[in-house]
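Shown next, in structure tokens, is the structure this report addresses.
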Amino acid sequence: MEHLDVGPLKTARGTIKLPGSKSISNRVLLLAALAQGETVVRDLLDSDDTRVMLDALGKLGVSVEGQGENAYRVTGTGGRFPNTSADLFMGNAGTAIRPLTAALALQGGEYTLHGVPRMHERPIGDLVDGLRQVGARIDYTGNEGYPPLAIHAAPVKIDAPIRVRGDVSSQFLTALLMALPLVESAGNVTIEVVGELISKPYIEITLNLMARFGVQVARDGWSSFTVPTGVAYTAPGEIFVEGDASSASYFLAAGALGGGPVRVEGVGMSSIQGDVRFADALNRMGANVMAGGNWIEVRGAERDDGKLHAVELDCNHIPDAAMTLAVAALFADGTTTLTNIASWRVKETDRLSAMATELRKLGAEVEEGADYIRVTPPSQWTPPAGGIDTYDDHRMAMAFSLAAFGPVPVRINDPRCVAKTFPEYFTAFGGITA
């Protein structure tokens with residue numbers, strides 16, 4: 001197996017220009033494809049997941065022209081894809097398969113969607129149930145509740161609120177929100193969220209971007225959303241993709257652990273991404289944090305031993321960046337508890353189980369619950385036997401690069417899995433650490 005040896009590291013300092021946000025990139029591509037008019041998308045993330053969306057849109061007949069320097073000109077279809085049948089490979093891109101499933105279910109065509117084996121283990125049943133409430137015909141061609149999917153032409157009828165669970169993945173709600181304006185009947189449709197909505201900041205991203213394309217959604221708290229139907233998305237002409245706030249978290253944490261200063265450019269206080277609030281969590285742990293509209297800078301904790309403060313933190317608002325906190329907890333002065341992270345279990349891997357397993361390899365004491373993880377730093381660090389396994393999960397690989405600030409070298413297995421969102425991550429990380 002390919003591996004990369006990192007550390008032990010002592011210092012981190014420098015400036016990083018972040019790649020585009022995955023969550024924003026794939027939402028913007030789909031909205032631009034569905035809109036009326038042309039959109040030039042700038043600073044699009046170049047990664048496996050965005051290529052999955054670009055390939056799918058091409059197979060659906062959408063004109064997408066590369067302009068160089070991660071810019072693309074998307075010619076909108078006015079809500080109807082030219083191709084009424086397609087076989088689409090979705091890789092392991094949840095941000096592609098879920099919104100596309102909803103959009104295609106309302107197109108009146110015949111489509112199949114499938115992916116890598118892990119994608120076929122990631123739940124989609126709650127979204128399918130929601131779409132069936134408006135008459136969509138969707139069949140499971142493998143296990144019930146999971147991809148692969150076969151979507152068939154069917155008349156869509158909305159005569160009651162749509163109910164969807166919010167406690168498994170916010171992407172189900174995002175998919176419905178983005179697709180329902182395509183329904184041709186004039187009026188509004190209400191989505192009622194059943195249970196506690198997780199990952200609320202990702203819904204805020206969705207609503208913000210829909211508004212940029214001319215569709216306003218009204219919400220009653222986080223339990224009810226009213227979506228206009230029979231309206232067209234309107235191309236904004238040009239849109240810039242923010243830097244990826246989840247990816248920023250690794251460099252900001254490096255600044256806290258390696259003294260800093262480390263500055264990230266591309267996200268800041270004006271960001272629409274929830275994971276930008278990772279900087280607040282670092283501040284609570286004692287790191288020195290400064291920020292502007294489009295940048296954040298972190299220096300180490302101002303205490304003699306350089307350790308961070310242990311914290312107890314509800315991470316509903318930073319589900320992806322919370323993984324970075326779990327590794328940073330190795331360097332705290334006590335036990336850190338991260339709660340409200342049940343969504344970790346249905347991501348690229350079961351991240352709760354994977355995180356607990358790999359932290360223990362380094363000597364940490366870890367308690368893993370249904371929706372929480374409790375990390376006590378190692379009393380004696382141990383080199384991870386066999387290396388840190390990454391489970392084909394980009395965020396596992398990036399988060400555990402930070403463990404190299406400990407007293408033992410860290411071997412990262414399958415480091416190329418970072419290509420899902422940040423192909424050049426280890427080059428960038430190596431450029432600011434020593």
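Glycine is no exception: its Cβ is also placed from the backbone N, Cα and C atoms.
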Residue among R219, R303, R351 sharing the phosphoenolpyruvate site, where Swiss-Prot lists K22, G94, R122, Q171, R395, K420 as binders: R351
Which residues in the same chain, at least 6 apart in sequence, have a Cβ under 8 Å from the Cβ of S199 (3-phosphoshikimate binding site)? S169, S170, G274, N316, P319, S343
K347 (3-phosphoshikimate binding site) and G94 (phosphoenolpyruvate binding site), distance between Cα atoms, whole Å: 8
Nonlocal neighbours by CB distance (under 8 Å) for R27 (3-phosphoshikimate binding site), same chain, sequence gap 6 or more: T95, P99, T174, M178, I205, T206, L209
How many other Cβ atoms sit within 10 Å of the Cβ of K420 (phosphoenolpyruvate binding site)? 22
